[in-house]
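> Just passing along the structure, written as structure tokens.
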Amino acid sequence: MSSSAAVPATTAGRSAVLSPPAPTAPDAGETGADAGRAASRPPLRRRPMSPVRRRRLIRESLLFCVLILPNLAAILVFSYWPAIYNIVLSFMDWDLVAPMPEWVGLENYIDLFTDPEFWSVMLNTLVFTTVTVVGSLVGGVLLGTLLATKVPFTGMVRTFAFAPHMLPGAAVGMLWLFMFDPSFGLSRFLFNLVGMDSPQWTTTSDWSLAAVTVAYLWQRLGFVTVIYYTAILDLPKDILEAASLDGAHGVKMLRHMVLPLLSPITFFLSVTGVIAAAQAFDLISILTNGGPGISSSTLSWMIYEEAFQKFDIGKASSAATVLLVLLLVLTFMQVRFGEKKVNYAS
Amino acid sequence: MTTTARTPGPLSRLLPGRSRPQGRTAGAVRRPLWQTIVLTILVIASLLVFLVPIYWLFSGAVKSNSDIYSWPLKWFPTSLHLENFRAAWTAAPFDRFLVNSVITTSVGTALEMFNAILCAYAFAFVHFRIKRFLFLFLIGSMMLPGHVTLIVNYITVGNLGWLNTYQGLILPGIGSAFAMFLLYQQMRTIDPEILQAAEVDGAGHLRRMVLIVVPMSWPMILTATLIVLVGKWNEYVWPLIVTSTASMRTLPIGLLFLRSQEGYTNWGALLAGTVIAAAPMLLLFFLAQRRIIGGMAAGALK
């Protein structure tokens, strides 16, 4: 297939027009809002299908169902159903032990929104997500640009920067716990270099969220860097050369040419970055357990704690619903906002 | 959301078996020496940021506790102290953790890839009316954060009596969206004439899938498998809540319990345990770097 036009995912399904080996591919004009049976209703303004053809289409459709069934079933049962039933549970009161959850209406949400701890957790989540997403984007584009200069050792940086992204979060958490140790860790060494004592990273509420943020950034930065690096190498050289002839260099070039051209990537990385950061859990679990107090609790930690340590399913599922709604709204906004910016491609 | 490409385009340089074009960016043309020196220093500084912590982990795992708890700190172990691994092994059933990790990762990956391949083939080559809608429906599941589905999945698995079982650990994770998407993209680049020829020769869908499409998609299948595998090995929150007995824990969860058990008094053993959990993924990455990065970039780049 030679068309190099990049097509948004929403049209990916158009393959229906091209690929099926079925003799009459239904055209894209047909609305998907059909009532089921593929071939039971002859398409308008077309020769009626021969029985052989029709039987064949039915056979194809059956085969399709069989092929996608295992995957569809898994995703329905373990992704969509839980997301929906979680909303139902958020109107219930339950401790996982009582035989039946009890309907309490909006009570969980009222409890949640009037709980000052919830708002501290939301603030932590906001700070953590913003710092890690913005930090990894800024760091990633700078480092990616640096790597693209092809000076010595850039290949090694690429490898070792990406490596943390491959490690279990639990292992990264342990590693940083060790480095944060104020008595024997690298942290003491570094702070001593500038004549200071190492902060008690994981055990004081002033520093605990910073500890989680630093470890998370270290794990994510390499991934963002390598994606940017790959994209930078792929920028249209003729345009950049023209700009360079027109006198754009260095920072000017970066700001007016490279960054706008990279905006689709930035868009993708910020959407996935927010979703990933909102679920950062393993590092918190290993480094701080959300504490001291709730100083490093984020929404994802709170969901876990309420559900599986305090067994307050109602509160946990209402917090999870808040997370779901926030992410959906945010993604929707990013898509709307992103559409305007992401028009530079080819 | 994700955007997709009809052709591998920018990815080609990341995929194996192709020569890498000499990428040049703006300003890379004939640089004065002092700039090269400054840039190299920056590169080395950033290398240290990533390399030193990794070195610190591995060197700590073979340091004796007197090396670890010493100040000024010792950059190199005075002797190879492999005792730490035995200490980790005796403090917690690490052999069980390892076996559990291997089983859940390998079986889970195999099942997810099975789902992904069948599904991708169906979307790429088999006729169905509402294909487009179903495709978006499956891909859309990537938007549902794991923490939203956690509680109900726990209840479901509990009702099935699957807590502390392999099926409870594995089955909730076998639905495939990302790997399916990658494979679908790849399969659509296969020349339809080949498949038509096979059809004329009387090969049905299953034969076409097994004998033509799967072999032709092999590199991408391998890439997707690696990405799925890494994700499953590193899985944390699900094994944490679905297992309560030590004998069913996986390595990442084992680390958490090793930490609570040993406190901070035996860092040697903790770091050795961490190395056991981390080393297989590092090894895999160093062996298949290009494939893994290429696959992950495929989701991001157009």
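Please read every residue number as a count from 1 along the shown chain.
Quick reminder: no glycine exception, Cβ is built from N, Cα and C everywhere.
Feature list, courtesy of TrEMBL:
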- A:122-334: domain 'ABC transmembrane type-1' (DOMAIN)
- A:1-48: region 'Disordered' (REGION)
- A:62-84: transmembrane segment (TRANSMEM)
- A:126-148: transmembrane segment (TRANSMEM)
- A:160-180: transmembrane segment (TRANSMEM)
- A:217-236: transmembrane segment (TRANSMEM)
- A:257-277: transmembrane segment (TRANSMEM)
- A:316-337: transmembrane segment (TRANSMEM)
> Is the transmembrane segment (A:126-148) packed against any residues at least 6 beyond its ends, judged by a Cβ distance under 8 Å, and which are they?
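Same-chain contacts beyond the ends: 154, 157-158, 161, 209, 212-213, 216-217, 220-221, 223-229, 231-233, 254, 258-259, 262, 266, 269-270, 273-274, 277-278, 280, 298.
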> Give the nonlocal contacts of the transmembrane segment (A:160-180) in its own chain as ranges (CB under 8 Å, at least six residues past its ends).
143, 186-187, 198, 201-202, 211, 214-215, 218-223, 225-226, 280-283, 285-287
> Which residues of the chain, 6 or more past the ends of the transmembrane segment (A:316-337), have a CB below 8 A from one of its CBs?
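Here the qualifying positions are 83, 86-87, 89-90, 92, 108-109, 111-112, 118, 267, 270-271, 274-275, 278, 299-300, 302-304, 306-307.
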